[in-house]
Amino acid sequence: MPHSNISRAPRQHLTERVLQAKTAKNLTWAGLAEGTGLSVVYVTAALLGQHPLPQAVAEVVAERLGLDRDAVAELQTIPLRGNVEDVSSDPTIYRFHEMVQVYGTTLKALVHEQFGDGIISAINFKLDIKKVDDPEGGERAVITLDGKFLPYKPF
C-alpha cells in the first residue's frame, strides 16, 4: 500500500543522508540510477525527495548508498513535493527562475497558440539534460522538458 508524507521533514532528513553517503562513497547520480530501469533524472529527483521509488529500485539504491531498511521504506513514500518556499538564492536554481521570469509569458502564449487553452503536465513528464560543445567555444546545456498537453474542458 502506498504511504504519503504530510511534512517535508522526513524526506529532507533522508536527502541529507543520501547526499552524505553519495559523497562518502564517491558515487554519481548516473551510477546510482544504473540498472534500475529508471532515468538518471527521475532517480536523482527521487533521491532529492521529489518522487517515490518502486520497492526494487529503493532497495538497489539504498544498498549502493549503505542505507538501512527505514530508508528503503521512506524512499517508497509519496513525498510532499516542492522544497522551495520562496525563490532560491542558489545561482543555478535562480537561473531557472530567471528563465521563467523572462520567458514564462512567451512560453504561455506559444503553448496556447499551438495547443489551445490548457497546461503542460509536470506529472506525465520527462526531463533530459545534455552537454554539447558550443561552436563559439565552451559548452552548452541542452535541457528538454517533455510534458503531455492537458486541455481545459468546459463543463
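Glycine too: its Cβ is placed from the backbone N, Cα and C atoms.
Listed features, source Swiss-Prot:
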ACT_SITE  Arg95  active site
ACT_SITE  Glu98  active site
ACT_SITE  Ser121  active site
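The structure, with features from Swiss-Prot marked on it.
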residue	record	contacts (Cβ under 8 Å, 6+ apart)
Arg95	active site	none
Glu98	active site	none
Ser121	active site	Gly147, Lys148, Phe149, Leu150
Task: Helix, strand or coil at Arg95 (active site) [DSSP, three-state] - done: helix
